[in-house]
Amino acid sequence: MKDYYAILGVSREASQEEIKKAYRRLALKYHPDRNPGDKEAEERFKEINEAYAVLSDPKKRAAYDRGHLEAPEYRPEDLFDLFFQEVFGVRGHRRPPRGEDLEAEVEVELQDLLHGAEKEVRYTRLVPCEACGGEGGRRTPCPTCRGQGVVESYRQSFFGTVVTRTACPHCKGRGYLLAETCPACRGRGRVPREERVRVQVPPGMDEGHLLRVPGYGNLGPGGPGDLYLRIRVRPHPHLERQGPDLVYRLRLGLAQAALGARVVVPGLEGPIPLDIPPGTGHGEVFALEGGGLPLPGGRGRGTLRVVVELAVPKKLSPKAQKLLRAYAEEVGEEVAPEGFWERLKGFFRK
């Protein structure tokens, strides 16, 4: 993904005010009207607007910072609208607005991220009211803006005469007033409807990644918005995820660690045999290359790390105690005398 901070020439810790200031300066510098016929300047102008569209939105910026935002797509008219709104405080030209973007969650299993998986998501979006055809009721043209939805004023700038179009304060930019309100949608023109969409979750997706589904947001006069699906990975009963790597905590008994053992560890594609060498200590790690999740760009897979945790028994049979005391004597380790803890407990009971 592009480095939007570098495009605007700001640091990753930049405030919203600093981002806005940098955007205005660069947008004016590379505006096509200032650079007629310059294709490079035109591309820079698009990049600058694209970067600002993401970094000026706190939710999109947070997702971008975590690397969880898919590359957005913007129509050229959206970028020019953004320029006029941010630089001059007005929209460049009037057209029916798109519906709002929506966000929902899609839950996946860890195994789903190995090869990718198709998932069905249920969510609710706004669609035109069938009772009134999306009009909200019986409409009459607004007398203030004569049905245009905007009022115009003119000002001079270094671009020449700039026509400032602002939303009509009487009809709030709609261009009409409601003579009668539709009872089904209460004049809103849209009603909620439960939808289903099937999406393909790519391999290796991170927790919290935003998966963009174009055209599945709320429906508006200018077309639908987009649906963003936030990836939620259900916890695995045995494996922990650390980026593309997986971690399995293997509990070994004292005898297994000292003498070595052949064990089986769980993997995403089935059990994996593992030979534990004699003398393995607590905290040792065995790296099984290729046992993790897919790496970005098809560069193979991460590592399954098996972390050894020694399981010290809390209770021993008399025979096991005798064998351990014999071992301690053999290697010269000092241990508590036999019956010491029982005598100590009895002392405190008195």
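From the backbone N, Cα and C atoms, a Cβ is placed for every residue, glycine too.
On the 0 to 100 pLDDT scale, the domain 'J' (3-68) averages 87 in the predicted structure. Residues annotated as domain 'J' in Swiss-Prot, with sequence analysis given as evidence: 3-68.
Taken from Swiss-Prot, the feature zinc finger applies to 116-194. For the zinc finger (116-194), the number of residues in each DSSP class (helix H, G, I; strand E, B; coil) is 0 helix, 44 strand, 35 coil.
There are 22 other CB atoms within 10 A of the CB of C132 (Zn(2+) 1 binding site), with all protein chains counted. Marked as Zn(2+) 1 binding site by Swiss-Prot: C129, C132, C182, C185.
For 129-136 (among others), the entry in Swiss-Prot reads repeat 'CXXCXGXG motif'. Here the repeat 'CXXCXGXG motif' (129-136) has Cβ contacts under 8 Å with residues 178, 181-185, 187-191, 221 of the same chain, all six or more residues outside its ends.
Counting only same-chain residues six or more apart in sequence, the Cβ atoms lying under 8 angstroms from the Cβ of C145 (Zn(2+) 2 binding site) belong to V151, C168, H170, C171, G175. Residues or ranges marked as Zn(2+) 2 binding site in Swiss-Prot (evidence: sequence analysis): C142, C145, C168, C171.
Listed as Cβ neighbours of the repeat 'CXXCXGXG motif' (142-149) (distance under 8 Å, sequence separation of 6 or more from its ends, same chain) are residues 94, 167-171, 173-177. Positions annotated as repeat 'CXXCXGXG motif' by Swiss-Prot: 142-149 (among others).
Outside the repeat 'CXXCXGXG motif' (168-175) by six or more residues, the chain places 141-145, 147-151 with a CB less than 8 A from a CB of the stretch. As annotated by Swiss-Prot, repeat 'CXXCXGXG motif' applies to 168-175 (among others).
Per Swiss-Prot, repeat 'CXXCXGXG motif' is recorded for 182-189 (among others).
Distant neighbours of the repeat 'CXXCXGXG motif' (182-189): 128-132, 134-137; these residues of the same chain sit at least 6 beyond its ends, with a Cβ under 8 Å from one of its Cβ atoms.
The number of other Cβ atoms within 10 Å of the Cβ belonging to C171 (Zn(2+) 2 binding site), over all protein chains shown, comes to 22.
Distance between Cα atoms for C132 (Zn(2+) 1 binding site) and C142 (Zn(2+) 2 binding site): 19 Å, as a whole number. Annotated Zn(2+) 2 site C142, C145, C168, C171; additional same-chain residues within 8 Å of its Cβ mean position, judged by their own Cβ, are P143, T144, R146, G147, Q148, G149, V150, V151, P169, H170, K172, G173, R174, G175, Y176, L177.
Surrounding the centroid of the Cβ atoms of C129, C132, C182, C185, where the record places Zn(2+) 1, the chain contributes additional residues within 8 Å, namely E130, A131, G133, G134, E135, G136, G137, P183, A184, R186, G187, R188, G189, R190, V191.
The DSSP breakdown of the domain 'J' (3-68), given as helix, strand and coil counts, is 45 helix, 0 strand, 21 coil.
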